[in-house]
Amino acid sequence: MRILSNVNLMGLLIVLLAAIFFCFHNVIVRILYSQQNILGIWQVGGFVTPTLSHSFLLLLLRMLWVVPLMALISQRLYGNTWREINQLKQPVNRPVIWEAMGCGFLMFLYLVLLYISISFIPTGIAITLFFTYPIFTALLAWRLFNDVPSLLRWLVIGLTLIGTFLTIPYAYGGEQQTLVLGVSTGIASGIVYAGYTVFAQRSFQRLHPVPFTWISFATTLILSILCLIIWQPHEGNLPWLAITIGSLLSALFTLAGHVLNNWGIHLIGASRAAIIGATNPALTVVLAGLAIQESLTNIQIFGVCLVTFSIALLNYEKVSPSTGKNSLK
């Protein structure tokens with residue numbers, strides 16, 4: 001059995017830490033929407049009600065932190081960030097900036113849908129539904145680029161659909177409408193994110209991921225402002241200090257997750273990092289259970305594990321045929 005090198009092991013741990021940071025962000029969003037029992041000790045949360053305008057508000061406050069912080073560290077992540085952004089002003093590069101801004105719109109849309117989903121259903125379930133996106137990515141790639149799914153990929157799609165079905169909560173009475181909304185927006189966020197990944201991958205051929213990501217964040221910020229002008233929250237007395245702190249923590253965990261994930265990709269490659277990243281639904285369930293005592297049924301836990309296994313298997317298929325090519329230099 002081959003022993004992992006120090007670089008490989010470090011890369012795996014870094015990507016795993018990035019996934020944990022993303023899980024913290026998901027739990028924080030849940031706390032902002034509904035009161036939770038933190039570590040079984042004290043009650044906190046429920047600062048905003050689960051409405052469309054509040055989703056815009058939370059996304060706006062998050063991006064108000066993320067955009068300037070990303071601008072500060074972007075030069076360290078990629079030395080030509082601002083030079084490439086300035087070059088986008090040239091008429092010949094207009095299609096590139098429009099592509100990046102279009103992906104920014106998709107980022108805005110999938111984040112709003114995911115926020116709505118988390119506000120209505122348990123965090124782990126919302127993230128599991130979101131992580132069905134590789135199914136739609138495979139179907140989009142088949143439709144747009146004639147990338148016919150392999151037999152293994154069809155098997156993964158089937159397992160993911162079964163896991164998703166097992167994960168969906170069922171209730172009766174007044175909760176049914178909110179559950180339907182939470183489940184549908186969770187799946188919809190995955191569909192939109194699939195489109196984002198497909199078009200982003202195409203944009204990376206002409207624009208580096210770091211300036212591309214900053215443009216997407218900035219576009220999301222602008223769209224959040226515009227939507228908040230149209231759909232203003234009706235409540236005039238919100239706990240702004242708590243919301244601001246929660247948004248700052250959300251931004252820091254998000255940004256740290258992105259930076260660590262990119263670092264891990266540099267060490268072990270994107271495909272291997274994606275296999276570790278596929279554990280996000282299971283990690284979110286564990287973290288939500290420990291931090292806010294969020295519980296799922298045994299069938300739902302099995303569904304989460306099945307989706308996690310399926311996505312990891314799909315990512316393994318991508319790395320397996322080219323293991324030799326992707327070996328570290």
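Backbone N, Cα and C atoms are what each Cβ position is placed from, and that goes for glycine too.
Going by Swiss-Prot, these are the annotated features:
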DOMAIN    103-169  domain 'EamA 1'
DOMAIN    191-316  domain 'EamA 2'
TRANSMEM  9-29  transmembrane segment
TRANSMEM  53-73  transmembrane segment
TRANSMEM  105-125  transmembrane segment
TRANSMEM  126-146  transmembrane segment
TRANSMEM  154-174  transmembrane segment
TRANSMEM  179-199  transmembrane segment
TRANSMEM  210-230  transmembrane segment
TRANSMEM  240-260  transmembrane segment
TRANSMEM  273-293  transmembrane segment
TRANSMEM  296-316  transmembrane segment
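Looking at which of 9-29, 53-73, 179-199, 210-230, 240-260 has the most CB pairs under 8 Å to the transmembrane segment (273-293), the answer is the stretch 9-29. The highest tally of CB pairs under 8 A with the transmembrane segment (9-29), across 53-73, 210-230, 240-260, is held by 240-260. The average pLDDT computed for the domain 'EamA 1' (103-169) is 88.
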